[in-house]
Amino acid sequence: MIQPDEPQDFPVKLIDKEQLTPTQIVEQLDKYIIGQKDAKRSVAIALRNRLRRQNVSEELRDEIMPNNIIMIGPTGVGKTEIARRLAKLAKAPFVKVEASKFTEVGYVGRDVESMIRDLVEQAVAMVRSEKTEEVREKAALLVEERLLDILLPPVSGLEESEHVGDEEEAVVVEGDAEVVVEKNLEREINRKSRQKMRERLRDGRMEDRQIELEVSSDGQGGMMQIFGPLGQMEEIGNIMQDLMSGMPKKRKKRRMTIAEARKYLEQEEVQKLIDMDAVVKEALRKVEDSGIVFIDEIDKIAAPTTGAGGKGPDVSREGVQRDLLPIVEGTAVSTKYGVVKTDHVLFIASGAFHVARPSDLIPELQGRFPIRVELKSLTEEDFFLILTQPRNALIKQYRAMLKTEQIDLEFTEEAIREIARTAAKVNETVENIGARRLHTILTNLLEELMFGIPEMVMDGTIDRNIVIDDNQVREKLGKLVADRDLSQYIL
């Protein structure tokens with residue numbers, strides 16, 4: 001057998017043991033998503049490969065490209081949720097876009113490069129949030145001092161006297177000892193008053209007190225939003241915002257509570273403490289090394305092969321695919337924060353492919369998504385597990401909401417199975433929208449309860465322990481399921 005040469009010239013580092021293994025990643029995804037093991041395994045391997053790439057030598061690192069994934073399956077089976085949860089696990093910048101919203105360069109609409117600009121914005125916000133947490137404690141102390149300065153303005157002349165040197169003080173003493181004693185006394189009174197006020201601020205006893213604060217008035221803020229929706233106009237909007245931000249801002253005085261002033265001042269102090277150049281640098285690195293772009297509805301830009309030749313909308317669809325090619329393959333995209341290389345951004349595409357097929361994508365784009373995973377339609381048993389097992393299960397959400405009204409809501413196992421059976425049946429007879437069907441069914445099932453509970457609790461006309469059984473489910477939903485027209489519009 002012919003073996004490739006051993007990579008002796010490429011030293012590697014071992015991956016930190018604290019990093020998630022593919023098995024652990026799948027276990028984490030299992031907490032929120034039922035089934036779809038093939039898709040989970042594929043994204044887990046892709047995430048682990050990123051860690052592996054970051055630990056090889058720099059020379060070889062640039063040669064290792066991500067294995068982009070295309071997920072094929074009907075709506076509501078977990079495609080988007082898998083990608084979103086994966087990004088949270090990886091603590092990576094993540095953006096979800098819809099392929100059908102993009103247009104070919106030269107047409108009115110968003111161009112494909114905007115997805116990378118959105119990803120960079122997401123990364124900057126993420127890093128800024130991390131840095132904010134790091135400086136929040138220091139910012140809180142600075143805000144406290146500023147609030148004390150507003151509540152107890154320093155007495156004129158005290159600050160200067162605090163910095164007087166020994167020799168100068170000696171001269172002052174000889175000149176007028178009484179003035180020095182009086183200033184020292186005022187300084188001590190001010191210090192004690194300030195300490196008492198500080199304690200009251202920390203205890204939260206002054207949060208409702210009104211103070212006057214000088215704030216910047218953002219007169220031009222809303223003006224820039226008109227540039228947003230159109231492709232190239234986004235760049236113009238960014239340039240205009242940068243120009244406006246360089247102009248001196250008007251300041252005006254506003255009356256507000258200390259609680260409101262604290263939030264405003266904290267934002268100001270955090271901005272002063274954070275080095276935005278470092279934030280942008282870190283954000284760009286995160287995008288290039290660990291960014292994830294989820295392209296939904298990619299089947300909408302795949303033109304079915306009909307033998308009619310590319311005409312009408314098919315030409316534009318193919319144009320979008322060709323515009324996507326360099327982005328997915330790896331190119332440099334200009335953003336307002338700098339140039340970003342997309343060579344190692346992970347792209348996960350998804351589509352139902354009811355009409356078109358993956359083979360209807362242009363061959364070059366197919367080659368950029370080497371891993372294909374088919375997600376299965378959800379069964380009645382899957383619906384039952386979705387309602388009971390995930391940490392964010394719908395039934396748990398409704399129970400938590402009604403707890404706020406002092407109501408304990410319970411579902412019998414038979415009731416949950418009846419809900420699952422109803423969801424599966426409606427998906428078969430009307431249109432298969434996957435797990436999203438459970439939202440509409442539970443909303444209709446609990447509508448009267450959710451509407452009338454506040455008054456019934458106040459009147460004492462309701463049992464605090466409510467149990468939903470299968471008979472109630474059939475009684476409430478039976479007619480809707482039986483009538484195809486009703487279920488089509490209501491469920």
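Cβ atoms are placed via backbone N, Cα and C, with glycine included.
DSSP assigns Ile34 (ATP binding site) to coil in the three-state reduction, placing it in neither a helix nor a strand. Within its own chain, Ile34 (ATP binding site) has Gly78, Leu378, Asp382, Leu385, Ile386, Gln389, Pro390 as residues 6 or more apart in sequence whose C-beta sits under 8 angstroms from its own. Among the features that Swiss-Prot reports, ATP binding site is placed at Ile34, Gly76, Val77, Gly78, Lys79, Thr80, Glu81, Asp296, Glu364, Arg436, with the record citing sequence analysis.
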Exercise for the section: Would you please pick out, from the binding-site residues Glu81, Glu364, the one with the fewest other Cβ atoms within 10 Å of its Cβ? Expected result: Glu364
